[in-house]
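One structure below.
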Amino acid sequence: MVDDELMAQDERAPFLVRDDVESTPRRTPLPLTQLLILLFIHFCESASAHSLFPFINELLLSLVGGDQAKVTYSAGIMDAAQHLASFSAVMYWGRVSDYVGRKPVLLISAAAVTVSILLLGISTTFWMVVVSRCIFGGLNSYQVTIKTTVGEMTDNTNRADAFALLYVPWALGLSIGPLIGGTLSNPQTRFPDLFSGKLWKDFPYLLPCGILTLLSFLAFLILFAYFQETLPHKSNISISLEPHLTTPQHPPPLRALLTPRVLLSISNYISLALLSNAYLAIQPLFLNMPIQTGGLGLEPIQIGYILSFYGFYSAVVQVLLLGPTVRRFGQRTVLKFAVSAIIPIYLLFPLMNIYAKDWYIHSELGGNPNEHINSRRIMYTLLAIQLVLLSIMDLGYGCAFMFITTSAPTKRSLGTVNGMAQTAGSVARLIGPGFANVMLGLSIEKGWLGGYAVYFVMSFFAVGGVVLAKMLPEGAWDAADWEES
């Protein structure tokens with residue numbers, strides 16, 4: 001009887017502890033070995049996902065006949081295919097892991113990342129690139145399964161610590177992945193003494209992709225050999241969406257979760273994911289595009305260094321600022337500020353290109369050398385400001401997930417609500433990059449607003465995101481009604 005009461009109290013306990021609670025339970029030690037395995041595979045996924053940014057424009061350019069406008073369309077198709085595959089599969093893999101366990105699904109994900117990055121390195125046609133991205137999106141369920149696994153191996157006293165650590169390998173992958181992709185692409189040109197064979201000429205991106213393939217395969221072996229299953233063994237429990245079968249062992253039916261606060265929280269996550277992923281799709285193209293076309297004309301190795309620096313910098317910002325700013329100003333204020341930062345982020349694109357063109361005129365076509373130096377300095381200063389604003393935008397993700405967590409009607413529905421958010425995020429990641437890349441191509445091809453129309457359109461959408469964020473409560477949703485549900 002006492003055990004039942006304690007379990008009921010735990011079932012009603014909210015995930016986020018309020019600041020006014022004076023005493024907290026002693027923290028359970030984290031399962032470090034298991035957690036480190038998850039952090040390593042999360043790093044491998046992040047590094048593989050971000051490694052292609054420095055050279056993707058160059059790769060697509062070589063596959064579509066050298067037409068920059070076609071590259072933007074092709075990049076849009078590639079991104080759309082990947083995120084459509086992810087959207088179609090994310091809920092499926094979550095349900096499969098409930099039946100067969102987390103470990104088999106994590107192994108499938110590790111194999112998918114390994115195969116997809118190898119296929120990218122040996123791609124000789126645009127459609128091979130698309131297939132590699134579809135494998136990465138459709139068979140890779142790391143994002144959902146890792147979060148589910150971490151939730152199962154932790155409790156209310158240490159879960160926040162574990163989830164906070166998940167950002168570190170992602171940020172490291174964001175830093176090291178582009179560094180590998182930018183530094184080691186085209187090795188026959190950069191390191192002719194070491195890579196002079198025909199293989200490296202035919203496949204100029206095989207070296208970085210091959211290194212990440214080996215890293216992902218190592219993650220597969222570690223998972224297979226050392227990771228322990230976290231799904232509790234259950235028997236005689238069927239999964240149903242019928243309302244009359246809802247019991248303490250069964251989550252509520254899906255339609256019972258479509259409450260206004262769940263929908264509003266997920267809508268804010270969709271807004272942030274759409275705007276940020278659209279930026280991530282445009283950024284590497286803009287950095288590599290010729291200055292005359294509307295970009296900065298940087299080399300892949302320079303892009304790799306820039307993205308690598310940002311990854312480390314962003315990790316520091318997240319660790320140092322997210323908690324204090326949320327405690328000082330509240331979740332909604334930080335989220336509004338994060339979404340507001342997206343407006344100048346997009347408006348800085350055309351401004352950077354204007355100074356890049358001025359630098360190009362004075363340096364390449366002859367002109368005042370002092371103006372050449374000043375324009376170049378201003379261009380890089382604006383790029384640095386954009387990256388600072390980008391780190392502020394990233395603070396919004398933590399706030400969005402806290403709203404999603406506390407919006408769940410019951411504790412046992414939290415997994416389903418998070419699954420809904422991940423599916424919605426896949427839609428945003430499908431629409432955002434695809435629309436942005438197509439709009440970028442049209443802006444350049446048609447000369448809309450001097451080729452800058454896409455940046456003004458995305459800034460306008462960001463204003464809508466700020467309005468949406470204002471509809472949220474000041475702090476987290478009140479989870480007191482979990483007791484009645």
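Glycine is treated like the rest: Cβ placed from N, Cα and C.
For 34-476, the entry in TrEMBL reads domain 'Major facilitator superfamily (MFS) profile'.
The transmembrane segment annotation in TrEMBL covers 105-130 (among others). Residues 41, 44-45, 48, 51-52, 59-60, 63-64, 74, 77-78, 81, 93, 96-97, 136, 138-142, 145-146, 149, 202-203, 205-210, 212-213, 216-217, 219-220, 223-224, 227 of the same chain lie 6+ residues outside the transmembrane segment (105-130) yet bring a C-beta within less than 8 angstroms of a C-beta in it.
Counting only same-chain residues 6+ beyond the ends of the transmembrane segment (162-184), those with a CB under 8 A from a CB of the stretch are 30, 35, 38-40, 42-55, 146-147, 150, 153-154, 190, 205, 207-208, 211-212, 300-312, 314-315, 318-319. What TrEMBL records for 162-184 (among others) is transmembrane segment.
For 205-227 (among others), the entry in TrEMBL reads transmembrane segment. Long-range contacts of the transmembrane segment (205-227) within the same chain: residues 33-34, 37, 40-41, 44-45, 47-48, 51-52, 55, 59, 103, 106-107, 110-111, 113-114, 117-118, 120-122, 177, 180-181, 183-187, 195, 199, each at least 6 residues beyond the stretch ends and with a Cβ under 8 Å from a Cβ of the stretch.
When Cβ-Cβ distances below 8 Å are used as the criterion, the transmembrane segment (262-282) is approached by residues 75-76, 79, 335, 338-339, 342, 345-346, 349, 390, 393-394, 396-397, 400-401, 403-404, 407-409, 417, 420-421, 424-425, 427-429, 431-433, 435-437, 440, 454, 458, 461-462, 464-465, 468-469, 471-472, 477 of the same chain, each at least six residues removed from its ends. Summarising the annotation, TrEMBL assigns transmembrane segment to 262-282 (among others).
Only residues 6 or more beyond the boundaries of the transmembrane segment (303-322), in the same chain, are considered here, and those with a CB under 8 A from a CB of the stretch are 50, 53-54, 164, 167-168, 171-176, 178-183, 284, 287-288, 334, 383, 387, 390-392, 394-395, 398. What TrEMBL records for 303-322 (among others) is transmembrane segment.
Sequence-distant contacts of the transmembrane segment (334-356), counting only residues of its own chain at least 6 positions beyond either end whose CB sits under 8 Å from a CB of the stretch, comprise 268, 271-272, 275-276, 279, 282, 286, 291, 294-297, 322, 325-326, 375-376, 378-379, 382-383, 385-386, 389-390, 392-396, 399-400, 403, 450, 452, 455-456, 458-459, 462-463, 465-466, 468-470, 472. Annotation source TrEMBL lists transmembrane segment at 334-356 (among others).
Among the features that TrEMBL reports, transmembrane segment is placed at 377-404 (among others).
Note on the transmembrane segment (449-469): residues 264, 267-268, 271-272, 274-275, 278-279, 282, 293-294, 332, 335-336, 339-340, 342-343, 346-347, 349-350, 353, 436, 439-440, 442-443 of its chain, located 6 or more positions outside it, place their CB under 8 angstroms from a CB of the stretch. The transmembrane segment feature in TrEMBL is assigned to 449-469 (among others).
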Integer average pLDDT (0 to 100) for the domain 'Major facilitator superfamily (MFS) profile' (34-476):
83
